[in-house]
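Novice: Take a look at the following structure, please.
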Amino acid sequence: MSVFDTVQRVVGNRLSLILIGAMLLVLPLLMTSSFQMRLAVVVWVYAMAAIGLNLLMGFAGQVSLGHAGFFGIGAYSVALGPSQLGLSPALSLPAGIAFCGLLALLLGRPILKLKGHYLAVATLGLGMLIFMILSNEVELTGGPDGMRVPRVVIMGWKVKGTETWYWITGIALLISVWLALNLINSPTGLALRAIHDSEVAASVLGVDVARYKLIVFVISACFASAAGGLLALYNGHITPGVSDFLVSVQLVTMVVLGGMGSVGGSLVGAALIIILPQFLTVMHEYEHAFLGLIMILTMVFMRSGIVPSISKAIRSRRHDSNS
Amino acid sequence: MALSEFLQFLISGLTVGFIYGAVALGFTVIYNASHVVNFAQGEFVMLGGMFTVFGISLGLPYLVAAILAIALTALIGVLLYEFAIRPARGAPVFALIIITIGASILIRGLAQVAFGTSFFSLPSLAGDTPINIAGAVAQPQSIVVVVGTLAMVGLLALMMRRTMIGKALIAASNDLVASQLVGINVRMIVAMSFAISAVLAAVAGILITPISLVSYDIGVLLALKAFAAVMLGGMGKPAGALIGGILVGVGEAMTAGYISTDYKDAAAFVIILVVLCAFPNGLFGSEHHERV
Amino acid sequence: MTAILETDGLSISFGGLKALDNVNLSVRPGEILSVIGPNGAGKTTLFNLISGVYKPRSGKVLLEGQDVTGQSPDKLAGRGLTRTFQNLQVFQTMTALENVMVARHLHEKRNVLAHLLALPSVRRQREETRKRAMECLARVGMEHYADQTADSLPYGALKRLEIARALALVPKVLLLDEPAAGCNPRETEEIDEIISKIAAEGMAVVLVEHDMRLVMKISNHILVLNFGKKLAEGNAATIAADPHVIEAYLGLEGDEGEAGAVAE
C-alpha cells in the first residue's frame with residue numbers, strides 16, 4: 001500500500017503529463033466539427049486558469065473570488081500592448097503576465113493577511129474593481145463594446161485558425177500542468193501543504209507563511225493572465241465580460257468540482273463547466289442557475305471533488321481485493 | 001449652490017445607505033446565529049422587489065403583493081438554510097462561502113429565466129411630488145425608505161427583547177453550545193435567523209425599487225456593499241451594521257457626486273479593501289487569539 | 001556558560017485577565033528547564049509568547065543575548081528556536097516523513113523558479129532532505145512509520161513525530177509542550193530517553209509537563225507557575241518540599257504523604 005503510494009507519486013507526474021499529451025493528440029481524430037475544436041480551445045484555456053487557482057485554493061488553502069480580474073488583465077494586455085505601447089501581440093502576452101504578476105505582488109501583501117470570509121470579500125471586491133475599470137475606461141478599452149486584438153505574426157506567419165490554436169493552447173496547458181506538478185512536488189509545494197494543514201506548525205518550523213501565500217498568489221495570477229491572454233489572441237476580440245464576477249465563480253467551481261489539490265481535477269472541472277451547458281441545449285438559459293446548483297451540490301455531497309473521490313474509491317477497492 | 005449640491009448628495013446617500021444598512025443587519029442576524037456569512041443576502045433584496053412587481057402585474061393590490069413577496073422570500077431563506085446550509089454544518093469556512101455564493105448564483109439564474117433581464121419599477125408610496133430642502137430635492141420615496149427601515153429595525157429590536165424567539169436568538173448568538181444545553185432548538189433558531197434576514201432584505205427591496213429599480217442581477221453588488229457596511233460597523237454588531245450601511249451609502253453618493261458616477265460602485269470596494277487591510281479584524285472587531 | 005534563552009518580565013492579558021504576569025526564566029545550552037503548574041497557570045501561554053505565536057504586552061525575550069521580542073515564529077525558527085504543541089499540530093494530510101521534511105525547509109535553497117522548473121539541483125537536494133528527515137524519524141524510533149499519513153498514526157506516535165519534526169530543524173532551543181501527555185508508561189520512558197539525549201548533545205530544552213515522575217527525573221531546574229505568576233523556582237528537591245507548591249497542587253497544606261508522592 002505505502003510502496004504503491006510512493007511509486008505512484010514519483011511515476012504519477014510523468015504519467016499525468018503523458019496522459020494529457022496523448023489526449024491532446026487523439027482528440028482531434030475524434031472531433032467531427034470545428035465547433036468541437038473551438039470548445040476544446042476554450043477548455044484548455046480555462047483549465048490553465050483553474051490549475052493556477054487550484055494552486056492557491058487547494059494547496060495554500062486561500063480562496064480567491066476575483067481571479068477573473070487577472071484573467072481580464074491578461075486578455076486586455078494583448079489588446080492594449082499593441083495599441084498603446086506598440087508591442088507585438090506575441091510580446092504583449094509575456095509582458096501582460098509580468099504586469100499581472102507585479103500587480104498581484106503589490107496587492108497580495110495586504111489582502112493575504114485576511115482569512116476566511118474577509119479574504120473572500122476582499123478578492124471579490126478586487127475582481128469587481130478590475131471589471132469596473134475595464135468597463136469604464138472607454139477611451140482605453142473601448143468600454144462594454146470591447147476592443148479588437150491584433151493577430152499574432154511570427155516571422156511573417158499569421159497565427160490563425162482554430163486548429164493552430166488548438167495546438168498552441170494545448171501545449172500551453174501541458175506546460176501549465178508540468179509547472180504546477182513541479183511546484184507541488186518541490187519544497188515550496190511541501191511548505192504550502194504544511195500551511196494548509198496547520199499555519200502555526202508551519203511557521204514554528206521556519207516557513208514564512210505570508211511569503212508563501214504571496215508567492216502562490218502571484219503564480220496563480222500569472223497562470224490566470226496567461227490563460228486570459230491566449231483566449232483573447234484566439235478570439236481576436238475582447239470585452240470586459242472576461243473579468244466578470246461570474247467568470248471568477250466559474251473558475252472556483254471548476255476547482256472545487258474537479259477536486260481541490262488535484263491538477264487533473266481542474267482539467268476535468270473546466271471541461272465539465274464549459275462543455276455541459278453546450279450539450280444540455282434545453283438547459284442553456286438555465287446555465288447560471290445550473291452553475292450555482294453544481295456549487296451547492298458539490299460542497300454538500302462531494303466536498304473533495306470528482307477526481308480525488310474517484311481515486312479514493314479505486315484505492316479502497318484495490319485495498320479490499322488485496323486483503 | 002455648493003451647499004445644496006452637497007445636501008443633494010447627502011440625501012441620496014442616506015436613502016441607499018439605509019437600504020445597505022438593512023441588508024447588513026440581515027447579514028448580522030444570520031452571522032450571530034450560525035457564524036455563516038450569507039453571500040445570497042443581496043438576492044433576497046432582488047426577490048422582494050421582483051415578487052412585488054409581479055404580484056401587482058397579476059392584479060393584486062400593492063399591499064397584498066408586498067406581503068406575499070415578503071413571505072415568499074422568507075420561505076426561500078428557510079429553504080436555503082434547510083437544503084444548502086444545514087446539510088453542510090461543520091464544514092470548513094470555504095465550503096460555506098462556496099455554498100452561499102452558489103445559492104446566490106442559483107437564485108439569480110432562476111430569476112433571470114423567470115423575470116427576464118429588464119429593469120422593473122414600483123410606484124412610489126408617497127407620490128411623486130419632489131420635496132425641496134434648502135435647495136436640494138428629495139424624492140418622497142426617500143422618506144418612506146428611511147422611515148420604513150427605521151420602523152423595521154425598531155420592530156426587530158422589540159421582537160428580540162420581548163419574544164421567546166428573540167431571546168433564544170440572542171442566547172444562541174452569545175453561546176451556541178450553552179444554548180443547546182438549556183434546550184434551545186438550534187435548528188429552528190438558525191432557520192428563523194434566515195427568515196428574519198430574508199424579511200429585512202425583502203422589505204428593503206420593496207422600499208428601494210421605486211428609486212433604483214430592480215433587475216435580476218442587482219444582488220451581488222448589494223451584498224458586497226452590505227458586507228462593506230458590516231466591515232465598518234464590526235462583524236456581528238446590529239447597530240454597527242446600520243451605521244456602516246449609512247456610511248457606505250453616503251460615501252458612494254459623494255464619490256458619484258464629486259469624483260465620477262462611473263466609479264460610484266467602487267467606493268464600497270475601496271472601503272472594504274482599506275478597512276480590511278488596515279484592520280484585519282474589522283473596524284470594531286476584537287483581536288482574535290488562536291488557541292494552540 | 002551563559003544562558004541561551006532568557007525572558008524578562010513577560011506579561012500578557014486576555015480580556016482584562018492577566019494570563020501571564022512578569023515571568024522571568026533562563027536556560028543554558030544542554031539544560032532541561034521544566035515549567036509546571038496547575039491547568040490554566042499560563043504554561044502554554046508562556047510558550048506562545050516565547051515562540052512568537054503571541055506578542056507580549058510587556059517584557060522581553062532574549063535569544064543568545066539578542067532581543068527577539070515580538071518576532072514572528074518563522075524568524076525565531078531561523079534563529080534556532082522551535083517547539084511542539086500540547087494539542088498536536090501535525091500536518092494531517094502528509095506522511096510522517098513529509099511532516100519531518102517540512103522542518104528541513106530552512107536548510108534548503110528556496111528558489112521558487114528552480115522549483116517550478118524542477119531543476120536537477122532541486123531533485124538532488126530533495127534526496128538529501130529525505131535522508132536527513134529519515135534520520136530524525138529514526139532518532140525517535142519511527143522509521144517504520146515513514147510512509148504512513150499522519151491521520152492514520154496512533155496518538156503516541158504523533159507525539160514523537162512532533163519531536164522528530166522539531167529536531168529536523170536542528171534547533172538550539174526546543175520548547176516541548178506536554179510531550180508525554182496521553183502516553184503510556186513505556187512511551188513516556190522512551191520520550192524521557194529522547195529528551196535526555198538531545199539535552200546531552202547541547203540543546204537547551206524547556207519542558208511543560210504534567211507527568212511529575214518525568215519532570216522530577218530529568219529537569220535541571222523547575223519553574224512553577226500559578227495564575228500566571230511565578231510560584232516557586234529551583235531544583236527538583238526544593239520544589240518538592242516547597243509548601244506553596246504543595247498547596248497549589250493539592251489544595252491542602254502539609255500533607256506529608258502526598259508531598260512524598262510528588263517528590264518521588
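Backbone N, Cα and C atoms are what each Cβ position is placed from, and that goes for glycine too.
On a predicted model such as this, the values are computed, not experimentally measured, just so you know.
Feature list, courtesy of TrEMBL:
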type     : residues  : note
TRANSMEM : A:12-31   : transmembrane segment
TRANSMEM : A:43-65   : transmembrane segment
TRANSMEM : A:85-106  : transmembrane segment
TRANSMEM : A:118-135 : transmembrane segment
TRANSMEM : A:165-184 : transmembrane segment
TRANSMEM : A:214-234 : transmembrane segment
TRANSMEM : A:254-276 : transmembrane segment
TRANSMEM : A:288-306 : transmembrane segment
Novice: Test of understanding: applying the rule of at least three C-beta pairs under 8 Å (pairs 6 or more apart in sequence), is the transmembrane segment (A:288-306) touching the transmembrane segment (A:165-184)?
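Specialist: Contact between the transmembrane segment (A:165-184) and the transmembrane segment (A:288-306): absent.
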Novice: Using a Cβ distance cut-off of under 8 Å, indicate which of A:43-65, A:85-106, A:118-135, A:214-234, A:254-276 has the most pairs with the transmembrane segment (A:12-31).
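Specialist: Answer is A:254-276, with the largest number of Cβ pairs below 8 Å.
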Novice: Any contact between the transmembrane segment (A:118-135) and the transmembrane segment (A:43-65)? By contact I mean 3+ C-beta pairs closer than 8 Å, pairs at least 6 apart along the chain.
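Specialist: Contact between the transmembrane segment (A:43-65) and the transmembrane segment (A:118-135): present, because at least 3 Cβ pairs are under 8 Å.
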Novice: Under 8 Å, at least 3 Cβ pairs, sequence separation 6 or more: does that hold for the transmembrane segment (A:43-65) versus the transmembrane segment (A:288-306)?
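Specialist: No, since the transmembrane segment (A:43-65) and the transmembrane segment (A:288-306) share fewer than 3 Cβ pairs closer than 8 Å, they do not count as touching.
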Novice: Please give the sequence-distant neighbours of the transmembrane segment (A:214-234): residues at least 6 beyond its ends with Cβ less than 8 Å from one of its Cβ atoms.
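Specialist: Residues 41-42, 45-46, 48-49, 51-53, 55-56, 59-60, 62, 64, 67-68, 70-79, 89, 92-93, 96-97, 99-101, 103-105, 108-109, 111-112, 149, 151-152, 159, 162, 165, 168-169, 172, 176, 180, 183, 188, 192, 242-243, 251.
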